[in-house]
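According to Swiss-Prot:
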- ASP8, ASP9, SER39, ASN92: divalent metal cation binding site (BINDING)
Amino acid sequence: MRILLSNDDGYLAPGLAALSDALQPLAELTVIAPEQNCSGASNSLTLSRPLSVQRAASTGFFYVNGTPTDSVHVALTGMADARPDLVVSGINNGQNMGEDTLYSGTVAAATEGIMFGVPAIAFSLVDKGWAHLPDAARVAAEIVKHYLAHPLPGQPLLNVNIPNLPYDELKGWKVTRLGKRHPSQPVIRQTDPRGEPIYWIGAAGEALDASDGTDFHAVANGFVSITPLQLDLTHTQMLPATREWARAGGRAS
C-alpha cells in the first residue's frame, strides 16, 4: 500500500512529523508539503510562476514553494513514481470544522487527491498547541489502518477532528455532519510605519450550530469527529425553486 502525506502548516510542522512517524509502519510513505505555513490557502493553485521541489536532508520530506494543493498536485501529476492508495493530510494545528473546511489548506490537500480519484483523509487537532499530539497521531494511524483494511466505497473524502486530549480520555469515533459558525470577527485595522492602513483578518466565529450530530458537538464531548465530505457544491434542494425563478425571468428553457 502507498500513502501520500501532506499538510498546510509546512514541511517543518510537528504535526506532519508525528503523523509521518505514525503512518510509517502501515504503508510505503511519500511526504510532500508546502515550504511555508499555508493555513487558510484553501484550494489555491500557483499559476503565476513555476514551482520548485526540494528534499529535506534531515527527514527526506519533499517541500514545494507553493500551496498544499500545489504539493499534492505536483506529486500526483508529475513526481510520484506510483499512484498512491490514499492521500492523507495533517495533522493540522487547530480544528477544521463547519465553514473552516472551505478555507482550510489541510482539507484542500486531501481534496486534491479526490480530484484525481484517490481517497483522502484530512486530520486536525482541535485547539492550537501540540499538548496531545502523540495521542492524536495514534488516533490518526488507527483510522488510516482501519481504512486500508476496510476501504469505503468510491473515493471518500473524510474530515477528521481530534480533541486535544490524552488518548485514554477520548470517547471513540463519531460520524458527523458539518456544524456552522457565526460570522468571523471584524478585521483588525492598524497603521504601518508609513502611516498607511493595514488589516488583519479577524478570528473565526464561535459555533452557531453545535447541535447533536455536528462536528462541533462531537469534539466538545470528547469524541473524534469523522465527517464525510463531497466536492459537488450543488444545492439540490434549491434546484426546483431556481428553475421556477429562471422561468419567471423568461429565459429558461
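Cβ coordinates come from backbone N, Cα and C, glycine included.
Location within the structure of each feature annotated in Swiss-Prot.
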residue : record                             : DSSP class
ASP8    : divalent metal cation binding site : coil
SER39   : divalent metal cation binding site : coil
ASN92   : divalent metal cation binding site : strand
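Most Cβ neighbours within 10 Å among the binding-site residues ASP8, ASP9: this distinction goes to ASP8. Taking the centroid of the Cβ atoms of ASP8, ASP9, SER39, ASN92 as the divalent metal cation site, the other same-chain residues with Cβ within 8 Å of it are ASN7, GLY10, ALA13, GLY15, ASN37, CYS38, PRO68, ASN93, GLY94, SER104, GLY105, THR106. For the binding-site residues SER39, ASN92, the largest tally of other C-beta atoms within 10 A is found at ASN92.
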